[in-house]
Amino acid sequence: MSIGVYFVTPDGCDDALVRAALAGGAGMIQLRDKAATDAEMVAQARRLLPLCRAAAVPLIVNDRLEVALASGADGLHIGQGDGDPAQMRAALGPGRHLGLSIETAAQLDAMPAGAVDLIGVGPVHATATKPDHAAPLGLDGAARLIARSPVPAVAIGGVSTADIPALKRAGCAGIAVVSAIAAAPDPAAATRVLVETWRTA
Ligand code: TZP
Ligand code: MG
């Protein structure tokens, strides 16, 4: 699996930001919004799905199984506190993607076989985007988890272009970012730089 640049939305994300990430070549989009209601997330996912489909890019919903199912999104991404991956896998049904956040080797060892398509390994660095994040792994710690993973992995948490060569060498399927795109003055251009850096690393 090659994803390249996986854009994870900030809370209250404007659709235009997702359009920009798609225009810049993002390979996967995750709709993550800790503040929105389920109904708002379903509505936004339904608006974004045709854009993602036109770009042949999967749209994944963070945390909320019901939103993923009601919107017809391509999958779900859950954290360690969001339920049993095997149950989520069964509830999602065949053909939908399931992602899981992994912060430690113990969590990776506890991951049920066959349930998860992709892990998000992190945080690589401390980040203000997720105030309750676990201890940062650093590039070496992230690389060790990526090497041990039975499924493809993306690295997340304060990731920037400077991290890309080491993460690609570690065997990542891609990098997952919020701020590197969302906080950039030109999000489409920032995505393009990340994609190109990934491609040539
Ligand atoms: N999970 C671990 S770190 C993180 C998430 C959702 C936030 C990543 O955001 P940023 O701005 O790319 O550091
Ligand atoms: Mg979660």
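In case you wondered, yes, glycine gets a Cβ from its N, Cα and C as well.
Quick caveat, the model's predicted, so the values are computed rather than measured.
As recorded in TrEMBL, the features of this protein are as follows:
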- 5-181: domain 'Thiamine phosphate synthase/TenI' (DOMAIN)
- Gln30, Leu31, Arg32, Asp33, Lys34, Asn62, Ser101, Lys130: 4-amino-2-methyl-5-(diphosphooxymethyl)pyrimidine binding site (BINDING)
- Asp63, Asp82: Mg(2+) binding site (BINDING)
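Structural mapping of features recorded in TrEMBL.
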{"residue": "Gln30", "record": "4-amino-2-methyl-5-(diphosphooxymethyl)pyrimidine binding site", "CB count, 10 Å": "24"}
{"residue": "Leu31", "record": "4-amino-2-methyl-5-(diphosphooxymethyl)pyrimidine binding site", "CB count, 10 Å": "28"}
{"residue": "Arg32", "record": "4-amino-2-methyl-5-(diphosphooxymethyl)pyrimidine binding site", "CB count, 10 Å": "23"}
{"residue": "Asp33", "record": "4-amino-2-methyl-5-(diphosphooxymethyl)pyrimidine binding site", "CB count, 10 Å": "19"}
{"residue": "Lys34", "record": "4-amino-2-methyl-5-(diphosphooxymethyl)pyrimidine binding site", "CB count, 10 Å": "10"}
{"residue": "Asn62", "record": "4-amino-2-methyl-5-(diphosphooxymethyl)pyrimidine binding site", "CB count, 10 Å": "21"}
{"residue": "Asp63", "record": "Mg(2+) binding site", "CB count, 10 Å": "19"}
{"residue": "Asp82", "record": "Mg(2+) binding site", "CB count, 10 Å": "16"}
{"residue": "Ser101", "record": "4-amino-2-methyl-5-(diphosphooxymethyl)pyrimidine binding site", "CB count, 10 Å": "23"}
{"residue": "Lys130", "record": "4-amino-2-methyl-5-(diphosphooxymethyl)pyrimidine binding site", "CB count, 10 Å": "19"}
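In this structure the residues listed as binding 4-amino-2-methyl-5-(diphosphooxymethyl)pyrimidine are Gln30, Leu31, Arg32, Asp33, Lys34, Asn62, Ser101, Lys130; their two most distant Cα atoms lie 16 Å apart. For ligand 2, the binding-site residues lying close by, meaning a CB under 6 A from one of its atoms, are Asp63, Asp82; the full candidate list was Lys34, Asp63, Asp82, Ser101. Taken in sequence order, the binding-site residues Leu31, Asp33, Asp63, Lys130 that lie near ligand 1, meaning a CB under 6 Å from one of its atoms, are Lys130.
Calculated from their C-alpha atoms, the gap between Asn62 (4-amino-2-methyl-5-(diphosphooxymethyl)pyrimidine binding site) and Asp82 (Mg(2+) binding site) amounts to 10 Å.
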